[in-house]
Amino acid sequence: MAWRALHPLLLLLLLFPGSQAQSKAQVLQSVAGQTLTVRCQYPPTGSLYEKKGWCKEASALVCIRLVTSSKPRTMAWTSRFTIWDDPDAGFFTVTMTDLREEDSGHYWCRIYRPSDNSVSKSVRFYLVVSPASASTQTSWTPRDLVSSQTQTQSCVPPTAGARQAPESPSTIPVPSQPQNSTLRPGPAAPIALVPVFCGLLVAKSLVLSALLVWWGDIWWKTMMELRSLDTQKATCHLQQVTDLPWTSVSSPVEREILYHTVARTKISDDDDEHTL
């Protein structure tokens, strides 16, 4: 069964000793470019830590180690392989990224004794990696990977004496970076607009300042012109008021001289008429 693109494969494998585990291989199928995640469960052991390993079978007697854990709850990785072990929960997780067709073959989940580093428990399975088709080579983002549901397959060989480990969540999101991936724009786009906004604010501030200076200059000139007109009107009015006494008021001496002149003229006229 070929898994759909963007969905990593999650397997639950129960490790146990014995020849029966060596004779059976769980068949797994995946597609090139995808990520394979295998969760190998085992019964909790004693106080001494037992290393966990992931190896690829080269022959009936040789298994090449790809990655090995070093201590509990610490991720170890080599190339495209990572491993994470949690002895308290009773499982360890192995991840293969960027699957290739040449990755097809037999693999082993193994537990090694701390004394002589020999294999104490193991499970064997066979992986088939098919070439990616045009329909599966689609762009993706980490958001798609998190939001999608991970398919789960349980591969537990039937045994009478095998003790089942406590159940744990069937889905563990494992970040991967497949080839030909296209990332969507993130928060970098708004950050790139910050200089543009700052430039607009500075330009608006400069224009506003220029308008204020221009308006202040016009207001000042207008006020000076109004003050100049008020000063000219006040000077003209004062001059008119000052000239009034000279044109409307005459002294008593002038009025007396004017009176005598008129009287003499009248008397002279009367004398002429009488002579005639």
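For all residues, glycine too, the Cβ spot is worked out from N, Cα and C.
Predicted, not measured: the structure shown is a model, and the values here were computed from it.
As annotated by Swiss-Prot, disulfide bond applies to CYS40-CYS109, CYS55-CYS63, with the evidence given as sequence analysis. Per Swiss-Prot, N-linked glycosylation site is recorded for ASN180. For 138-184, the entry in Swiss-Prot reads region 'Disordered'. As annotated by Swiss-Prot, signal peptide applies to 1-21. Feature annotation from Swiss-Prot assigns topological domain 'Extracellular' to 22-192; the stated evidence is sequence analysis. Residues annotated as topological domain 'Cytoplasmic' in Swiss-Prot, with sequence analysis given as evidence: 214-276. For 193-213, the entry in Swiss-Prot reads transmembrane segment, with the evidence type sequence analysis.
Around CYS109 (disulfide bond), a 10 Å sphere centred on its CB holds 25 further CB atoms from the protein chains shown.
Ranking the disulfide-bonded residues CYS40, CYS63 by C-beta neighbours within 10 Å puts CYS40 at the top.
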